[in-house]
Amino acid sequence: MSNEEAEPSEIDTCHVSVMPDEVVYWVASPEVAPTPPKIVIDGTYGGGGHSRLLLEAISGADARVIGLDRDPAVSARVESESHDPRLTVFLASYEQAAKALEQFDLTSADAMVLDLGLSSDQLADRERGFSYTVDGPLDLRFDPENGVPASRWLAQHDEKQIADAIYQYGEERFSRRIARAIVAKQRERQPISTVNELVEICRRCVPRSRNHDIHPATRTFQALRIAVNDELGILERTLRDAPDWIAPGGRMVIISFHSLEDRIVKNAFRDDDRWEVLTKKPLRPTESEVAHNARSRSAKLRVARRR
Ligand SMILES: C[S@@+](CC[C@H](N)C(=O)[O-])C[C@H]1O[C@@H](n2cnc3c(N)ncnc32)[C@H](O)[C@@H]1O
C-alpha cells in the first residue's frame, strides 16, 4: 500500500507491532475461542497496530475493541484520525479496564491484550527522555501530565533508595556507584535534568560490557522508567483484578520485554486458580520477525484463560 492510499492511522505511527499473528490467534482463533470474541480490550493501544488486527478478527456490529493508553499523545492522535466506529480509545491506565467497560454498560471482556513497555514513537520523541541516545529533558513518564519526571524523582530520593531502584528494576550491578555519583552531583547543586547528564554518569560508573552489546545506561534508564511509572505495581494489581473483568473462557494475552515483567506474569498465572495457563513456556517471536523488527527480539508472550 502506498502512503497516499494509507489510512491516516497507518502513517502517523512508526511503531511495528510485535508478534501480531500470535496475538490474533490467542484472542480470536476458533481453536482457542469456540465462541467468537465480541469485546476485546487492548490495554496498551500505542500505535494501534494490534487493535487494527483485532478489529479485522472480530465480527458483528456489536463487536468492540476498547483501547487504553496512559499517553495523552496517543489519545490526541486517535482523536485526530478517522477510524473504525467499533474502536474507542480512552486515556487511562490498563488497570482501569473495568471502568472503561462500564462506559458501555459491560462488566466483562472476552479477551485482553497487554503489549508492555514503550512504543517506537515514544522512543523517538526527544521531549520524553526515553532514549539514552537522544538528549532532552529527563522525564520518562508515559503520562507527562501526572506524576513526577525522572529528574525530580532523583532529587526526591536518597542515595540508598536510588541505588535500590536501579538494582531492583534495572538489575544493574553498579547501582551503588551510579547512585553515589548522582547524589554527589546533586550536592554540588547540579540537579540531573537531562538525558545526557545521566548518560555521562552511567558511562563513568559502568565498565563497558565485554562484547559492548549493552550500553552502560540501558539498565539505569529501564529502572528509572519502571520506578517513575510504577510499571510493576500496575501490572501486579491488574493481574490480581483482571479475573473480575475477563469473562469465563476469556483470554489474557501478555507480551513482556524483560525478566521482571515476565516473572510477574508467569507467577500470577500459575498461582491464581482463576487462571488456566495456555502457554506452558513463553512464546517467542520467529527468527524472521526478529530480522524485520529488532524491537521484538526480547519479547515473551504468555496466555491464560479465565476458568
Ligand atoms: C509497546 S507499546 C504498544 C504498541 C501497540 N500494541 C501497537 O501494536 O501499536 C506500549 C504502550 O503502552 C502504553 N502504556 C504503558 N503503561 C501503560 C498503562 N499502565 N496503561 C495503559 N497504557 C500504558 C505506552 O504509553 C505505550 O503507548
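For all residues, glycine too, the Cβ spot is worked out from N, Cα and C.
Every protein chain considered, the tally of other Cβ atoms within 10 Å of the Cβ of Asp115 (S-adenosyl-L-methionine binding site) stands at 26. The S-adenosyl-L-methionine binding site annotation in TrEMBL covers Gly48, Gly49, His50, Asp69, Tyr94, Asp115, Gln122.
Long-range contacts of the region 'Disordered' (286-307) within the same chain: residues 16, 18-19, 22-23, 26, 120, 243, 246-258, 262, 265-266, 269, 273-279, each at least 6 residues beyond the stretch ends and with a Cβ under 8 Å from a Cβ of the stretch. Sequence annotations record features per position, and here TrEMBL assigns region 'Disordered' to 286-307.
Residues or ranges marked as compositional bias 'Basic residues' by TrEMBL: 294-307.
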Looking only at Gly48, Gly49, His50, Asp69, Tyr94, Asp115, Gln122, the residues listed as binding S-adenosyl-L-methionine, what is the longest Cα to Cα distance in Å?
18
For Asp115 (S-adenosyl-L-methionine binding site), which of the three DSSP-derived states applies: helix, strand, or coil?
strand
Which residues, sitting 6 or more apart from Asp69 (S-adenosyl-L-methionine binding site) on the same chain, put a CB under 8 Å from its CB?
Thr44, Tyr45, Gly46, Ser75, Val89, Phe90, Leu91, Ala92, Phe142
Helix, strand and coil totals (DSSP H, G, I; E, B; other) for the region 'Disordered' (286-307):
11 helix, 7 strand, 4 coil
Same-chain residues six or more away whose CB lies under 8 A from the CB of His50 (S-adenosyl-L-methionine binding site)?
Ser17, Pro20, Val23, Asp42, Val113, Asp115
